[in-house]
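J.: Dropping the structure in here first, questions after.
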Amino acid sequence: MSFFGLDWTRKKEKEVERKIRANDREYNSSFKYATNAIQTSKYNIITFLPLNLFEQFQRIANAYFLFLLMLQVIPAISSLSWFTTVVPLVLVLCMTAAKDAIDDIHRHRSDRQVNNRKVNVLINGKLVSEKWMNVQVGDIIKLENNQFVTADLLLLSSSEPLNLVYIETAELDGETNLKVKQSLTLTGDMTDNLEALSAFNGEVCCEPPNNRLDRFTGTLTCGTQKHSLDNERILLRGCTIRNTDWCFGLVLFAGPETKLMQNCGKSTFKRTSIDRLMNVLVLFIFGLLALMCIILAVGNAIWEYKEGSKFTVFLPRDQNKAFSAFLTFWSYIIILNTVVPISLYVSMEVIRLGNSYYINWDRNMYHARSDTPAEARTTTLNEELGQIKYIFSDKTGTLTQNIMTFNKCSINGQCYGDVIDHYSGQRLEITEEMTPVDFSFNRLADSKFLFYDHSLLEAVKLESPEVHAFFRSLALCHTVMAEEKKEGDLVYQAQSPDEGALVTATRSFGFVFRSRSPETVTIEEMGIQRSYELLAILDFNNVRKRMSVIVRNPEGKLTLYCKGADTLIYERLDPSCSKLMEATTEHLNEFAGEGLRTLVLAYKDLDEEYFSEWKQHHHEASIALEDREEKLDKLYEEIEKDMLLIGATAVEDKLQDGVAQTIEQLTKAEIKIWVLTGDKQETAENIGYSCNLLREEMNKVFIVAANSPKEVRQELRDARLKMCPTTEQDKFLIPETILGNTPKVVEDEHANGDYGLVINGHSLAFALESSMELEFLRTASMCKSVICCRVTPLQKAQVVELVKKHKKAVTLAIGDGANDVSMIKAAHIGVGISGQEGMQAVLSSDFSFAQFRFLQRLLLVHGRWSYLRMCKFLRYFFYKNFTFTFVHFWYAFFCGFSAQTVYDEGFITLYNLVYTALPVLGLSLFDQDVNAGWSLEFPQLYVPGQLSMYFSKRAFMMCALHSCYSSLVIFFVPYVALYDTARSDGRDGVDYQSFALITQTCLTVTVFFQLSLDLSYWTVVNHLFVWGSLGMFFILTFTMYTDGLFRIHPPSFAFIGTARNCLNQSSVWLTVALTAVLCVLPVLAYRYLCSQISPTINDKVRYKVHQTKEPAPRPRRTKLIRRSTRRSGYAFSHAQGYGDLVTSRRFLWRPQPARSTGVTPTGRSPGFKPTGRSAGYSPAGREQNPKQKVEPTSLQMFRAVKDSSF
């Protein structure tokens, strides 16, 4: 049963193991497994009103005002009408309910979009199109190419040979390379035979739902046969089927029980730092209110004791002084309630909504190419954007574009890829006007491949032996699979996008990889087809950081081709290559300086007799039961020596536009950036250097890659001592108590330089253990930047939670895939990028846009402005309301503590809702200290927000003291100035009503003067709001004090004629002016002295802007060039063991159509000009994101991943 959306049913017992029977819904339903429906919405039509009101009255302020309303209906207590409270309360509840309803409608729409997707389900021997939400555990479903995987499935069969399926897992782990899954032979034999699939009644016994993406254990029982199941048989929700016509799968986990959803983390209600501070301040204000009311109640008891008996003749009443004091206490609770004004919450909602629209309307954050504007998906977190201290970013698709480009190469000491001016000899920057290399001579060239250095193609056509050897090595030494479904239409499937980019470039230069079998590799060299016998693949692993192939060419010559990390290849080269090594090293340094990922190529001719002996040893090692890996590595080392250097390649993992500039700006704003990626260490390091997250100028970049908790702890400790030798072991926690809780807050420690930290997923798992997490956080927070590699989605969330829990800092997580959802939900602010990995991150985010570079504008402009405006609003709001309320307090000492109000009831009702509402909204919606251009020019302006300098407990206390002073001036200056005075006609100068009018006029004018001082940026709207509201005060005052309204309802309009009789005296206006001047003069003096003695960064920048008298600078988009002596490691990201898969007989491709071996006669095309670079590659081999047509640029590359949108 569900009541108000809360589930009161008995909690489901924890599942120990899962039992599933194929095609048996009745059996499976007995276990009450979750359906495939996803629900992220909170309300429905029935539960919205009660549940929303229940949530709203959990706010202390709303409950407080409801309590006040109940008090005001008691005549013995209330001296104010009930409408003074009920009107603002209803307004607040309605506005908040409307906003919550709109947000939940969006969640319902996104839920329906996912749940209503269609998939073919096998029911009663027929394929029926069903909605995702109707799919159940135990169903057999059919998926087709480019479809999303509906649920976690056991792969049964597929259209590919040996029942292979190619999947893209970018949604799960951020990796764009394709992965291979294979079904059991038992189920694969059913192919697409619906009768056999319908009759299949196998039973699966497997692990319960969990969040481990890399592990699965289970068994399939079919008849008397039992087969083990592992992760290689499982298709997970969030993956996309690629290059596979169809496949069938058995649903194991559905909906919220899928591994993807288990990794998404819980949705939490996010509140800003200001909201949390406000809760503390509201408690303080309640205490202050109670204290004032107690003082006044005691004063009433004393007054009743000393003076009260004198009035019993005129006002007969009970003489119970204690009861009188009790009633007075509650009466003043009502009168002084404006110290916690409900209109504060109305105004905060309006301000946040307005600043959210500024983000939505910002044209500078609109991405025209994908037609994607920025979107504030929540309206409650804007000011938090101005306090970010830590940014946690995904890499793939967030910092990078998922584009691999072949940019340059070094062959036999000659560098290719640069554009050289033949007149000046200077290197030119590539532009769209330059003519790319014409590959029309090659009918198999990739049409999307662009390269600009014509000299490389000339060297190929001139049959340079070194250049041919270079491309032949690239065409043979890889694990790419080729498929040609029609003549000339080659599709490459690569485990590594880098390999795919290299093979695609090689293809265009005339060395076309056509096909492979377990024993052969067929390539086409300048139009001539040649088949090489594949004798061995010496596979890649993280220690070797290289791979080799041994082939026999058609002439019978044996050759070993090797490629890998430069340092490891250099150690194994023949001494005769020393001079060539020097030239190649110079080129490698240049490539690395540009942030390119480098590889070195080498070869070795083998003796037939030696190889036969080595192959025998290799066979023995490969079947050894003990120390197999060590024996194989020893054999690999033996044959991979005395090689000859061929050259080097340079591949760019292309960054998104403006990433390096954005990171540089955010770093200047004292924001620390941590990259949490599923990619391997070398890939992440390369990107770190490319985007200036890691820099050569750093004192040191620490690498933590230990394999035991003890080693990880020691490496972290050594790194910390290196950064700060004087650091103490235990004294790093700040004792802080918040509402009775004492969290461990890690103190900021300062390093003696700039440092970076790179930690892999294995070490991170140890570092996140409770016994070591503070050690890790302490070390990491001393570094300028941190990169965590090979992390799971759950680990990303754990890192974010660790920083949130133990650092007094605001965090932001940004990503573009489903693997980023958990950290987006965990961070204070979640930002989704609508990129190539689907919309799951966007749907879970608080803000979204299309490019990482927009983050600097979101934070440095919108975030800083929002925070500054909210802080100004709060300071001013508390000032004007405290001043308003304290005047009541002083008046109580002159009215016998009778709970009489110093102001007219109409003024009390309209003060916050009409007179001061619009001016303060104008301040908080349009004010800015400097404009957007200067905000980006001086990122240091962002730092005060991180330190909460604009609004804090101290600022609140200063505001309260300022209000106390102003209230004293506003009450006593009119009191003293007009005490015992007479008018020109001989009548008394003031009575109670006149004094009330003068006091409220002084108050209104003073708060408007203060607002004028706080405004930094006057607009037409501000002028209209300020002067219009001031005019409205006088208009309504004269209107409410007229004879006509008095006749309509005398009790509500008792101040008849007061304005007309009072405000025509010059002494009154002089009193108002004197009061206003005395209130603002100390403020002016204090601000002037502060700006002269201790100016803030805002003061300095505003002074500089005022001095320059120039328009704001335009954002700079200069290209950062990094020069470095660092060279990258092995540039590939494919998994160890893929070579074994290639040489096995698991890849048996369909017969290929007959191919022509000739080529068009070579020769220069009419547009043949000497110029320089670039190529792109996609493992899917098809156009990226077919829904969106993108205008090509001069550096257009083919994306490594197609668009996926879950």
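Cβ atoms are placed via backbone N, Cα and C, with glycine included.
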J.: Have a look at 47-69, 852-874, 990-1012 and point to the one annotated transmembrane segment in TrEMBL.
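T.: Feature transmembrane segment in TrEMBL: residues 990-1012.
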J.: Averaged across the domain 'P-type ATPase N-terminal' (20-86), what pLDDT does the model get? Just tell me the whole number, please.
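T.: Value for the domain 'P-type ATPase N-terminal' (20-86), mean pLDDT as a whole number: 81.
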J.: Just give the helix, strand and coil counts over the domain 'P-type ATPase N-terminal' (20-86), going by DSSP.
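T.: Computed counts for the domain 'P-type ATPase N-terminal' (20-86) are 31 helix, 2 strand, 34 coil.
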J.: Counting across all protein chains shown, how many other Cβ atoms sit within 10 Å of the Cβ of Gly678 (ATP binding site)?
T.: 29
J.: Determine which residues of the chain contact the transmembrane segment (323-346) at the Cβ level, with the cut-off under 8 Å and only residues 6 or more beyond its ends counted.
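T.: Beyond its ends, the transmembrane segment (323-346) has Cβ neighbours at 59, 61-62, 64-65, 68, 71-72, 74, 76-80, 85, 88-89, 91-92, 95-96, 282, 285-286, 288-289, 292-294, 296-298, 300-301, 304, 308, 877, 881-882, 884-885, 888-889, 892, 897-899, 901, 908, 911-913, 917.
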J.: Quick check for you: of the recorded positions Asp394, Phe540, Arg597, Gly678, which have their Cα within 10 Å of the Cα of Asp816 (Mg(2+) binding site)?
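T.: Close recorded positions: Asp394.
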J.: Consider the recorded positions Asp394, Phe540, Arg597, Gly678, Arg790 and say which one has the Cα lying nearest the Cα of Asp820 (Mg(2+) binding site).
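T.: Ranked by Cα distance from Asp820 (Mg(2+) binding site), first place goes to Asp394.
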J.: Let me know the most crowded of the recorded positions, choosing from Asp394, Asp816, Asp820 and counting other Cβ atoms within 10 Å.
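T.: Max Cβ neighbours within 10 Å, all protein chains included: Asp820.
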J.: Using Cα coordinates, what distance in whole Å links Phe540 (ATP binding site) and Asp394 (active site, 4-aspartylphosphate intermediate)?
T.: 26
J.: Of all the binding-site residues here, Arg597, Arg790, which one's CB has the most other CB atoms within 10 A?
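T.: Counting Cβ neighbours within 10 Å, the top one is Arg597.
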